[in-house]
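*Asks:* There's a structure below that I have some questions on.
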Amino acid sequence: MASGKFITFEGIDGAGKTTHLAWFCERLQGRLAAAGRQVVVTREPGGTQLGEKLREILLNQPMDLETEALLMFAARREHLALVIEPALARGDWVVSDRFTDATFAYQGGGRGLPRDKLETLERWVQGGFQPDLTVLFDVAPQVASERRGAARMPDKFESESDAFFSRTRAEYLRRAEEAPHRFAIVDATRSIPEIRQQLERVLAAL
């Protein structure tokens, strides 16, 4: 653990990733404390003052598909410049609730934006930068829908159909298949204790 690492949590809405993020980060911080390193917890869209303003717009206002993707990457560039890159340079670890895989899954898989357009934006905004580890919480859209139904007032993405989330999930799994060295897939249909057992194995491998 000599240098900072970047970890992302991904999954469709209702997969339960946010439920486990604080627990995971607390466990990770316990391992890093002896080395004097911190865990920076953040999210996308968001993580910066500008990013949080864009988050409010992106999650609640209808807009053109390409506009949506551009705003996602604009928020990401600010996030990288102000939060992620400085933290990693300090040797800290960063754990983000979503990153670029979400854009490929939601705007690409879910909304149907051509992959080559997203790849162009990814190269421009990130260069070759990718997470060291992506923890993908995988769950069937029907299960996720039942979980979301008991939640607060849904945003525009949470209100999407099971068909939308089927496409989103398929894109997540495709990306995981293309980069198995980067992804750890968690069976998010399991109980909370069982999911945390899976996450313990992820932590042990870091």
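Every residue gets a Cβ built from N, Cα and C, even glycine.
Just lifted these from Swiss-Prot, have a look:
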type: BINDING; residues: Gly11, Ile12, Asp13, Gly14, Ala15, Gly16, Lys17, Thr18; note: ATP binding site
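Help me picture these features in the structure, burial and contacts included.
*Replies:* DSSP assigns Lys17 (ATP binding site) to a helix in the three-state reduction. Counting only same-chain residues at least 6 apart in sequence, those with a Cβ under 8 Å from the Cβ of Lys17 (ATP binding site) are Phe9, Glu10, Gly11, Asp97, Val135, Phe137, Ala188.
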*Asks:* Return the single residue from the binding-site residues list (Ile12, Ala15) that has the minimum number of other CB atoms within 10 Å.
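*Replies:* Output over binding-site residues Ile12, Ala15: least Cβ neighbours within 10 Å is Ala15.
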*Asks:* Count the Cβ atoms, other than its own, that fall within 10 Å of the Cβ of Gly16 (ATP binding site), considering every protein chain shown.
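*Replies:* Cβ-Cβ neighbours of Gly16 (ATP binding site) within 10 Å number 21.
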*Asks:* Per DSSP, to which secondary structure element type does Gly11 (ATP binding site) belong, with helix, strand and coil as the options?
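*Replies:* Coil, per DSSP.
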*Asks:* For Gly11 (ATP binding site), just count the other CB atoms lying within 10 A of its CB, please.
*Replies:* 26
